[in-house]
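> Sharing a structure, written as structure tokens. Questions coming.
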Amino acid sequence: MSDLEPNVSKWMKTAKEAPVVISSRIRLARNLENHVHPLMFPTEQDGFRVINEVQDALPNMTLKRLDVMDQQNKMKLVAKHLVSPELIKQPAAAVMLNDDESISVMINEEDHIRIQALGTDLSLERLYKEASALDDTIDQKLDISYDEHLGYLTTCPTNIGTGMRASVMLHLPGLSIMKRMTGISQTINRFGFTIRGIYGEGSQVYGHIYQVSNQLTLGKTEEEIIENLTEVINQIINEELQIRERLDEHKQLETLDRVYRSLGILQNSRLISMEEASYRLSEVKLGIDLNYIKLDNFKFNELMVGIQTPFLFDEEDETPVNEKRANILREHIK
């Protein structure tokens, strides 16, 4: 059987007790004084100077320079949520990682520094402490752009202030099936929160997985942002679980049919796209969470990462990616 473990970071592994929450993230945006912002670097050497300064400030982390990395390995970092799709487009960019990849520091994306603390459950307070501790380390060694009235100065005005984005990844098949996501998105937008796809702004929704985060950082403390977002997340979780109960009570046959159709496709398909596979996996997970089916060692998070194209493509192997994906799914879903 193909091994999915090397494809995922420790923090990404599936938690059986979490039917809705996939992961949490705290991101802090910081910029260096006396440096042009990354999107305005006159030359690549300006970017490499920033990389060297950040590397010197964080000697206990591992540096990965993207300019010497091939596209496939860059996309693996994106798939693992360690870097953003925007970072890998920059000519002089890098990421620094701790040993278990629960902390990543993106260098020269939109801002000079973007600290990310990542975890599996609804753990925003703990992740903020981890990100803040690393931020303090950087602040002691580098001159960070800060204004007494505005707070941290960032490239995008919506990040000025705390420079913090808190986000939670949620699996919401019930709300998606019942077509409630548009209404929820409109409601939380009015309170300064937003819902995006699996890889953030402008990204596609796969497998009924949504990223919910704060939109603005100015005028509120980090603690207030986390508290307010946690309240919103808990409301969405409650709505999702209530919808699942209604599906079970009032649309059980249709839901069972949906679950077993997806299970049959995953267990028998010979070709399958990433988009279809993600939704089939989502519906099988829904069936497991509703106790309709039982699958030993069903690893939703690991499969959602491991079946992505960067982990399947091999120049020396002519087997189509969609065939490899189907093979892996048949191996792991029994």
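Going from the start of the chain as shown, residues are counted 1 onward.
Cβ from N, Cα, C; glycine included.
Here's the feature list from TrEMBL:
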type	residues	note
DOMAIN	20-243	domain 'Phosphagen kinase C-terminal'
BINDING	23-27, His81, Arg114, 165-169, 196-201	ATP binding site
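Surface or core, plus neighbours and distances: that's what I need for these features.
Looking only at the domain 'Phosphagen kinase C-terminal' (20-243), the predicted model's pLDDT averages out at 94.
Ser23 (ATP binding site) falls within a strand when secondary structure is assigned with DSSP. Of all the Cβ atoms in the protein chains shown, 23 others lie within 10 Å of the Cβ of Ser23 (ATP binding site).
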> Of Arg114, Arg196, the binding-site residues given in the record, which has the fewest other CB atoms within 10 A of its CB?
Arg196
> Would you count the other CB atoms within 10 A of the CB of Ile26 (ATP binding site), including those on all shown protein chains?
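A count of 26.
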> Please report the number of other Cβ atoms within 10 Å of the Cβ of Ser167 (ATP binding site).
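Step by step: centre on the Cβ of Ser167 (ATP binding site), count other Cβ atoms within 10 Å, giving 22.
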